[in-house]
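Participant: I grabbed these lines from TrEMBL:
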{"type": "TRANSMEM", "residues": "32-53", "note": "transmembrane segment"}
{"type": "TRANSMEM", "residues": "59-80", "note": "transmembrane segment"}
{"type": "TRANSMEM", "residues": "110-133", "note": "transmembrane segment"}
{"type": "TRANSMEM", "residues": "175-193", "note": "transmembrane segment"}
{"type": "TRANSMEM", "residues": "200-225", "note": "transmembrane segment"}
{"type": "TRANSMEM", "residues": "245-262", "note": "transmembrane segment"}
{"type": "DOMAIN", "residues": "328-473", "note": "domain 'Guanylate cyclase'"}
Amino acid sequence: QWLKSEDIQRISLFFHNKALEKEYRSTTLPAFKYYVTCACLIFCCIFVVQVLVLPKTAVLGISFGLTFLLLALILLLCFAGHILHGGKGSFCPLPWFPTSSRIIVTNNPWLRLVLTMTTTALILVMAVFNMFFMEDSGGSGDNILPTAPPVNLTNNSLSDNGGKEGDKNKFYLPYFIYCCILGLVSCSVFLRVNYELKMVVMLVAVVIYNIIILQTNASLLDGFSKAMYSTDKLDRPGVLKDLKTMGSVSLFIFFITLLVLARQNEYYCRLDFLWRDKFKRECEEIETMENLNRVLLENVLPAHVAEHFLGRNWKNEDLYHQSYESVCVMFASIPDFKEFYTESDVNKEGLECLRLLNEIIADFDELLSKPKFSGVEKIKTIGSTYMAATGLNVTPGPESGQEHDRQYMHIGTMVEFAFALVGKLDVINKHSFNDFRLRIGINHGPVIAGVIGAQKPQYDIWGNSVNVASRMETTGVLGKIQVTEETSSILTNLGYMCSCRGIINVKGKGDLKTYFVHTELTRSLSQGTVMP
């Protein structure tokens, strides 16, 4: 499985993407302090082994004491943040010291590498350091701790070679091989170190150990082997009983085993990082798509309705609907556009006419982005008629009951929006050399809002108030804003000036008394009263 990922090189296991490789090496490593702890536990094992089997000398105590001190400082540096964070309110004379742990773990991979190499080097050195001071201390049995004879040493062999008692008492020599193996194991506990670096460190350690075993201290080990097996050379049990040979073979086997494990661990660490990176990018893409869908949906539906459909608890079979007590509805049409629209070769079969209408509607929509018109919701366009409403983003129910003036502020906002539409159309007329005028009808009252359709949802409002607003537009006058009597009374309270048109016959409603909203004078009077 090492060669399956196409993003990882086959031999070095580096990422093909250099930016990804740099990010991998600089990632946070919260478990680094536990790697150091494991290495220190291995050092403690080496210490226990050598203290139990080696003669008690000053060199032994001083060497292990200094090493314990250095490793304790490294551990303190790694756990400083946890120690000082645990003691809340404790005084620290060095304010930079609590942050050292976070610096090592998060921001400085090179410092982590230095601490890793320092810890590993101390353990590897202490595995054989005291071996250089054992040559003279093993000649007499007085300095040796009383202990059981080794497994291969029988009672007969103990009595046969009394002259070689000093070599026999050096039973501790095989334990140095075990300490060397523990030293190699300490290299493998640092999981996020590149395996090539581990290979170099362990290879250097194995070479130095073999030089010590086969050359520097060869006579000491040969004397131990001869004392263990005093028969002739031809009758010796074989190389497997030779301490030098077995020590070298054991170190080589452990070196290969740990190297394979280091490579496998490196691969899975990188593969885990790669999966996490891909998962992160996929989550970002999903979030981007969700935001895009939200924007697109909010362009089709009002924001509060879009939130309903984007909610996780929404079911496809649910029908969205909401009742409102007071919604202001506006219809604004351009009756002159029907006469303006013609299909001929001059206007490309009506394309230029549609282009102008699109420009007008787009400019109307642009007004919706202004903060003062944030409460205006565009419902739809029907031909050259623009339909909008206010009061739909107010939470319905008894809790929304406010004082009278504030409750109907959205009606004033709708009138201001109607004024803005008139002004925007005037600007378009100047640039296009046309003389379009709006015919606007406004009414307010209870409505039912809902979404129809699943694949292509359409937000709309229904109710008698909507029908009356439509009739106010169709029976209106060009350049005027026609409202019902109830709406005009509210606008008067809000500071707008309305003039009675009279009683007109409205299809399906009979005779209704309607009013015109004054535009020029009202605009100046209402600036301080209408909420944006």
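Using the three backbone atoms N, Cα and C, a Cβ is placed for every residue, glycine included.
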Participant: Give me the stretch from 32-53, 200-225, 245-262 with the greatest number of Cβ pairs under 8 Å to the transmembrane segment (175-193).
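Facilitator: Of the candidates 32-53, 200-225, 245-262, 32-53 scores highest.
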Participant: Between 0 and 100, where does the mean pLDDT of the domain 'Guanylate cyclase' (328-473) sit?
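Facilitator: The predicted confidence over the domain 'Guanylate cyclase' (328-473), as a mean pLDDT, is 85.
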Participant: If you count Cβ pairs under 8 Å, which stretch among 59-80, 200-225, 245-262 touches the transmembrane segment (110-133) the most?
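Facilitator: Comparing 59-80, 200-225, 245-262 against the transmembrane segment (110-133), the winner is 59-80.
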Participant: When only pairs 6 or more apart in sequence are counted, do the transmembrane segment (200-225) and the transmembrane segment (59-80) reach 3 or more Cβ pairs under 8 Å?
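Facilitator: The transmembrane segment (59-80) and the transmembrane segment (200-225): touching, no.
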Participant: In the domain 'Guanylate cyclase' (328-473), how many residues does DSSP call helix, how many strand, and how many coil?
Facilitator: 66 helix, 38 strand, 42 coil
